[in-house]
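The domain 'MHYT' annotation in TrEMBL covers 4-192. Residues or ranges marked as domain 'HTH LytTR-type' in TrEMBL: 280-385. Under the heading region 'Disordered', TrEMBL lists 251-277. The feature transmembrane segment is assigned by TrEMBL to 6-27, 39-64, 70-93, 105-123, 135-155, 167-189, 209-228.
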Amino acid sequence: MLAHSPWLVGLSIIIAAQGSYVGLLLADEGDRAFGMRRRFILAASAFTLATSIWSMHFVAMLAARFPVMVGFRVLPTLVSLLICVLVVGAGVLIVHTERPKLQRILCGAIAMGAGIAAMHYVGMSAIDSCELHHSGLSIVASVLIAIAASSLTLWQMERSRPAGVAHGLPAVLFGLAIAGMHYSAMAGMTAVPIDLAPPSDPVMPHDTMAIVVAVVSFVISGGFLLSLTPDRRPPPAPALAAPALPAAAPAERPAPRAGMPASGHAPTAMPRPPSYPRQIEVQKDNRLHWLPVASIAFIRANGHYTLISDGEQEFFCQSAISEIEAQLDPVLFMRVHRSYIVSIGRVEAVRRAGDGGIAEIGAPSAQSIPVARGRLSAVRKRLSESHG
């Protein structure tokens, strides 16, 4: 195995860890965004991860002490960067599809891990002045480590979103795993010098080149983080409460009827009906809005968050569907499916479809909402009572 510069080895691990940390934070922010902004933030998350992985790989190559002075051919180096960007982007895209969670993570990790391993070996082929030989065992080990590291990262993207500081440990583990993949592959490699004319001195020393690559990687990830993380505005004013009813004049207490004992105690107060919010905080085009509850047509789950429709457009809400269900008046709204809540007043018809049913939402925008089989009878009963 080739000797390596210890400080460049440490720098390569730091590059991978910080890129993973920023990539996970951006993935968090992307899941809170909506529409085109969400796509752009997820793309930035993938690009940050890809550039940090490739930069770690390149700095780790510079850390190796080859038997002769080596240079790097431009074309294979650029191709390795392109491969890394494509496969990491594919992994992030797959994990944000609508497939089952385990299938998303597994497919994304295999695509991303195999691509990272391919990036490594294509990048190593850029080395001139040496003929490289790789053992089969090291190739298999590097691919498996890359897939495992990709699984960790994609699982962290998919899990319930914790606070940003909770990404620190997964980011460090990812940096160690990706670096471990590279150095495992290097452990099974032998470099045989090619009998060529003595190479000229490099334009830039390897240590200086490693610092430049690291700085560029930090600038890319930091730039994305600063530009795409929204300002933390002060919380908006709470939703308007129902206007207080004017205090009624105290009514005269009627005299007790014959045979009934007079009592000096006030009559027992009737329980106050529950209070439900009139507005819900939502987001649209990266702006906060207060959506009147009366305008809601239906609500559908979107991962750990929800999308709320007024029949014409959808709004993003950071609350889970179960949290919103607890805030809504059950007389006006009903959970018809594990992923859907409908406004009973907006439902025009309910029909059977397959094992379950379909609730037809009327104007202004007709929608067909799935109804779970176990709730179909209850929905029909509520609809008949509502249209009574």
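Backbone N, Cα and C atoms are what each Cβ position is placed from, and that goes for glycine too.
Caution: TrEMBL annotation is automatic and unverified by curators.
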Checklist entry - When you scan the chain for residues with a C-beta under 8 Å from the transmembrane segment (167-189), skipping those not six or more beyond its ends, what do you find? => result 1-2, 4, 9, 12-18, 20-21, 24-25, 28, 53, 56-57, 60, 64, 116-117, 120-121, 124, 132-135, 137-139, 141-142, 145-146, 148-149, 152-153, 156
Checklist entry - List, by number or range, the same-chain residues at least 6 past the transmembrane segment (135-155) whose CB is under 8 A from its CB atoms? => result 20, 23-24, 49, 91-92, 95, 104-106, 108-110, 112-114, 116-117, 120-121, 170, 173-174, 177-178, 180-182, 184-189
Checklist outcome for this item: Residues in the domain 'HTH LytTR-type' (280-385) per DSSP class, helix first, strand next, coil last, are 26 helix, 52 strand, 28 coil
Checklist entry - Taking every residue in the domain 'MHYT' (4-192), what is their average pLDDT? => result 82
